[in-house]
Amino acid sequence: MGMLMNNVKQYMLAVLNGNALAIMVALVPAALVNQLLGAMPQNGVVTSLAMMVTLAQSALPLIAAFAVGTMLKLGMMETAAMALATLAGSGVTTFKDGAFTLAGSGVILNVMLTTAVAGLVAMGATKVLGQLRVVFEPLIVLVVAGGIGLMTLPGMVAVQAAVGQVVASATAAAPLVMGILLGVIFALLIVSPMSSVGIATAIGLVGIGSGAANAGIVAAGLTLAVMGASVNSWGATIAHFMGSPKIQMANLLSRPKLFLPVVIAAAISGGVASLMMVEGTAFSAGFGMAGFIGPLTAMTESTGSALAVRVLVAFVVVPLAAAFLMKLIFIQKTQLIKAEELKLPEV
């Protein structure tokens, strides 16, 4: 029984880590350059670059399948079949008037579910089919796992919509309370299978609420980066806040105590951001520091005096101070958390 539970845990960690890596690979390029591309004179080169990074986002289901398959040490045939199934069940495509439309990155929750199912189906098909797997395995994995993905897709969309409604209710609170709540909520979203950008866009989160949400995400990234810096490479450390803290998703979901410093740091940062009156848009709310979208949008959307100082305090000074405070409390003083628990898999 113990061996079975260990195998299940290792399998789920592979699914979580593979999907977290895929999210980084597919979504970060657009996050890094979209602000820059939007500010440049629009010509053929800029349009082509924008098209490439946008297309990369829609490749998330394919990348997720290959990442999970690699972490499960599956063969190329099994992994490619997983990619077919994940693409079919991701929600990234729609069929209308005899044509397929590719848009967005799909429903991340369903992408994760489909990769998990597809991996199991692929491994089972390999054992059963033997040499015939070359002929039948892609079809079996596509139909079974992809079919399950299509069936669960509406439910996952409903779950994401329900979460969006909960988030929207936080905007009715007083500014300081709203800032704290949104900072915490979006810090949790950014390290979960949910799409922080999708939810912020769906509920039209703007103004101070958007700024607080961004500050919470920045705090989550910096806290995880600082606490795990001693066991991760400098590139992986930077990726927490310049990319996405979602790369720690597997570690946090398997060790729930890691959420505690993230929540505290995000509450502090979200509250301060609301006091600093930094604002944002529905598009910027789910990005944090990635591509400097949060700070740059705050500079253009916020009003009042000493704007640069307020943005610097909200997005750098306070989140960074909170991150080091969390390291001091949870790693150095109480030793409730060990840095090794934040170690990322080698890629």
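Cβ atoms are placed via backbone N, Cα and C, with glycine included.
Nobody curates TrEMBL annotations by hand; they come from automatic prediction.
Annotation source TrEMBL lists domain 'Phosphotransferase system EIIC' at 14-343.
According to TrEMBL, the feature transmembrane segment maps to 12-33 (among others).
Annotated transmembrane segment per TrEMBL: 45-68 (among others), in sequence order. Long-range contacts of the transmembrane segment (45-68) within the same chain, counting only residues at least 6 positions beyond its ends with a Cβ under 8 Å from a Cβ of the stretch, are 14-15, 17-19, 21-23, 25-27, 29-30, 33-34, 37, 79, 82-83, 85-87, 89-90, 92, 102-106, 108, 111-112, 114-116, 118-119.
Listed by sequence, the residues of this chain that lie at least six past the ends of the transmembrane segment (75-93) yet keep a Cβ under 8 A from its Cβ atoms are 58, 60-62, 64-66, 68-69, 100-107, 110-111, 113-115, 117-119, 121-123, 125-126, 133-134, 137-138, 140-142, 144-150, 152-153, 156-157. Sequence annotations record features per position, and here TrEMBL assigns transmembrane segment to 75-93 (among others).
The feature transmembrane segment is assigned by TrEMBL to 99-122 (among others). Sequence-distant neighbours of the transmembrane segment (99-122) (same chain, 6+ residues past either end, Cβ-Cβ under 8 Å): 11-12, 14-16, 18-19, 22-23, 26-27, 55, 57-58, 60-61, 64-65, 68-69, 72, 74, 78-79, 81-82, 85-86, 88-93, 137, 140-141, 144-146, 148-149, 152-153, 156-157, 159-160, 193-195, 198.
Sequence annotations record features per position, and here TrEMBL assigns transmembrane segment to 134-154 (among others). Here the transmembrane segment (134-154) has long-range neighbours at 77-78, 80-82, 84-91, 107, 110, 113-114, 117-118, 120-122, 125-126, meaning same-chain residues at least 6 beyond its ends whose C-beta is under 8 angstroms from one of its own.
Sequence annotations record features per position, and here TrEMBL assigns transmembrane segment to 166-190 (among others).
Summarising the annotation, TrEMBL assigns transmembrane segment to 197-218 (among others).
Under the heading transmembrane segment, TrEMBL lists 262-287 (among others).
Per TrEMBL, transmembrane segment is recorded for 307-330 (among others).
Long-range Cβ contacts of the transmembrane segment (166-190) within its own chain (Cβ-Cβ under 8 Å, at least 6 residues beyond either end) map to 196, 199-200, 203, 205, 208-209, 212-217, 219-221, 244-246, 259, 262-263, 265-275, 285-286, 288. Residues 104, 108, 160-161, 163-165, 167-168, 170-171, 175, 178-180, 182-187, 189-190, 241, 245, 266-267, 269-274, 276-289, 294, 297-298, 301-302, 314-315, 318-319 of the same chain sit 6 or more residues outside the transmembrane segment (197-218) yet have a Cβ under 8 Å from a Cβ within it.
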